């Protein structure tokens, strides 16, 4: 019969779960992109960047291998054809660069404003004469430089100038004998698929990748093989691998835990009840994070659940202590220790929650909420949920071998611990520089071969550097275009000097208005031009009226309004401009939401120093800001910054936790023992990782935070004042051992994972459990002398396990 | 009565009977002729034919006359060479195109020159006797017989059809005699060929 308060607690708990579920169902949004987990590297560099992570983030790279060159080329063409209409595809490029008539018409229409070759000299008599001679040769040639039908409109060949720029802004690979892109060895046909902004989500990308696979299978080219690379392929594969591993791990861990608990308790109730505080904590944490941040990041959720594993200890303490006693009373007895353990752990994560690293803030808030909810559920809800029999008569005594410790043994152990800690400190201090690995790629779950393939295809396709780019920020599109136009000269100089092999920027597609006006001014008046044309026509045997379309076009171009990003027609021009020029609202530039952003893509960059030096030397034009961004260096610097901030916060947390412990226990000696035990566990774990030759990443740091939580839990419980009595000491020791055993088991399983992130977590926590447990055990205050005759022994500090203490 | 019927209806029936083969036979007959023509045209040794071309172009005041040679080296190398002031040498091997004009030699992608690509494809399929390739590239209509044939060819590729409307080739047995091309914009070309002469055209070029 449940009491009124416990009934109220259960009602409150159920209502809370319902609200959390509602929040998640109505507002829940799971983010999976790294962009929302990390701070924006561009923003950190002072220049904002597209949220999608730099150039090429939405480019899927495909390679077809096997068969012979002709079959690969045919498959490349058919695959491109099949994918061309797909709504998720903004463009597909396989090396064939033909424009359709509409696109051609749009470019022809604007050619005199867009072509960099338009200067007054180009329309001088001499130049026109040369141009007409070339066009006359075209008419007799089997290989005309310009298609015959275009000659009347464009005898000076502006379209040829533009075509070079527009043909393939997305790739520059070798063209094989069958006219499609191949790798330098000619063994693979290459394609680039640009994913539409609307389909940038991981779900859409997964579906697109599957469609690409299906279309390729539909070609029924059994001897050919399709390879996928590029950020979308890597993102999708990472997710698949993480999902598969996590599913397998969860199953194995749940099974192992269930077996362990069944063996220890010989009763099914603890098995399912143990999951309730953890489950409630996860649900509450997810709901609170969703309410605060508007979405929940998948990475924060995954690591949050891992770190929240410490909440599994709380019900285990309850069950292990309960014995044949009423659970509610036991929960009340344990509550001070639970508050101490959960409260100090929550304090650590509260400090984490207050960082500028969005993912980490989510993780902190998630764990903070989860821990507090799990502790409260263990205290008030769990006892009420026990079936009546178990609630009244208690649970079977857990059966667990316990370490026995005599005072002498404990003293010797403490000595050993001291030596080990000093050695660990020596190891830590001897590492200079400390082996931090701040590259996020160190944690990439994708196998090395996939990364290598990506690099290979990227090189073969001549795609721009994904690490470096120049960003231009301006108040208007035209300001950005002016600044980009002014970069032509320094970039060409850099190309000539060999610092880069090529570049692309928005003004190469669409010049700024001033430049367009200059070009208009360079166009001769109709009468003047007609005179030149007439002469040339006579000299080369053209019909008198043959070039009227040319005269019309030039005259019209002189009067035209300059083209702006808004008035640019759909088609290849817009397609080429869009990735290079981002309007306000198309980027996530913190603090610069109203800015236009231009991206200058660099090819074959070999000397970043020279690029940045030359750009710095230039005064920004039109009030725009220009800067070279090294995405990897910025990311690494950000991770390092975060790490420093996290470590500072940890030091702060150590002080705060010490203060909290002292405040709550009002026992400086006990507080010191707890803090020492946690610190010793932490030091020994870190030193062991270093001795294993592991470079520490951000995720080792996350794992170490869990180790802190576990260490606190063990030390707090073993040091409870109530645990000084031999019976209670035995129960406490049993419960802590059970906790350590279960956590150690789960994370040892995780350490077997093939994914670096999971392996890092598993190994760190498994080691941490062992060291924290041993340290907490050795540093626990000696137990009072046993009043029972079964425990004969020298001295008052006797401590040993007994098989069957309850009658 | 029956005989009356026969008598009155006899001529009509005969006429129908006479028509029947015409309804049925043209397809296989034409197919056989095309196969025969292609078999006669196909070459397995290098060959060369001289040509004279007259181009009509509305942009030009007078017609453009050129002369030159087309050579074929099995399996798929095609050479088109013209003489005179605007003479050039074009060599197409696989999909590689080499253009020599005076002293300048340029490598160009064949697919940048759809007109030439169609021309090369056509000549290759004719001279290799590859009916499948011919019909894949063009809608083919055949008139006449092996002794005097005429092929009307219309490109199947939509983009190509915008540039080349129709090509007519006349020949006798394994000889191509004349080729007329109607291009968009009222441009036409007529090429007259002289009998093929065997020999190695590359050695001649050197």
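Yeah, the Cβs are placed from backbone N, Cα and C, and that goes for glycine too.
Transmembrane segment is the annotation TrEMBL gives to one range among A:646-665, A:786-805, and that range is A:646-665.
TrEMBL assigns the feature transmembrane segment to one of the listed ranges (A:412-430, A:431-449, A:450-468, A:469-487), namely A:412-430.
This prediction places the mean pLDDT of the domain 'Membrane transport protein MMPL' (A:186-399) at 85. Long-range contacts of the transmembrane segment (A:299-322) within the same chain: residues 30, 32, 34, 37, 242, 246, 257, 261, 265, 270, 273-278, 281-282, 285-286, 289, 330-331, 333-334, 337-338, 342, 345, 349, 359, 362-363, 366-367, 370-371, 374-375, 378, 382-383, 394-395, 398, 699, 702-703, 705-706, 709-710, 713, 717, 728, 731-732, 734-736, 738-739, 742-743, 746-747, 750, 761, 765, each at least 6 residues beyond the stretch ends and with a Cβ under 8 Å from a Cβ of the stretch.
Here the transmembrane segment (A:698-716) does not lie next to the transmembrane segment (A:246-265) in space: the count of CB pairs under 8 Å, restricted to residues six or more apart, is fewer than 3. Same-chain residues lying 6 or more positions outside the transmembrane segment (A:246-265) and placing a CB less than 8 Å from one of its CB atoms are 271, 274, 302, 312, 316, 319, 395-396, 398-400, 738, 741-742, 745-746, 749-750, 753, 758. Away from its own ends, the transmembrane segment (A:761-780) comes close to residues 303, 306, 309, 403, 405, 410, 413-414, 417, 673-674, 676-678, 680-682, 684-685, 688-689, 692, 694, 699-700, 702-704, 706-707, 710-711, 714-715, 718-719, 723, 733, 736-737, 740, 743-744, 747-753 of its chain (Cβ-Cβ under 8 Å, at least six residues beyond either end). Note: the stretches the transmembrane segment (A:334-354) and the transmembrane segment (A:646-665) are in contact (3+ CB pairs below 8 A, sequence gap of 6 or more). Long-range contacts of the transmembrane segment (A:412-430) within its own chain (CB-CB distance under 8 A, at least 6 residues past either end) are made by residues 405, 680, 683-684, 686-688, 690-691, 774-775, 777-779. Here the transmembrane segment (A:672-692) sits apart from the transmembrane segment (A:736-755); fewer than 3 CB pairs are under 8 Å, leaving out pairs fewer than 6 apart in sequence. Listed by sequence, the residues of this chain that lie at least six past the ends of the transmembrane segment (A:736-755) yet keep a Cβ under 8 A from its Cβ atoms are 241-242, 245, 249, 252-253, 256-257, 260-261, 264, 306, 309-310, 312-313, 316-317, 320, 398, 400, 402-403, 445, 710, 713-714, 717-718, 761-763, 765-766, 769-770, 772-773, 776-777.
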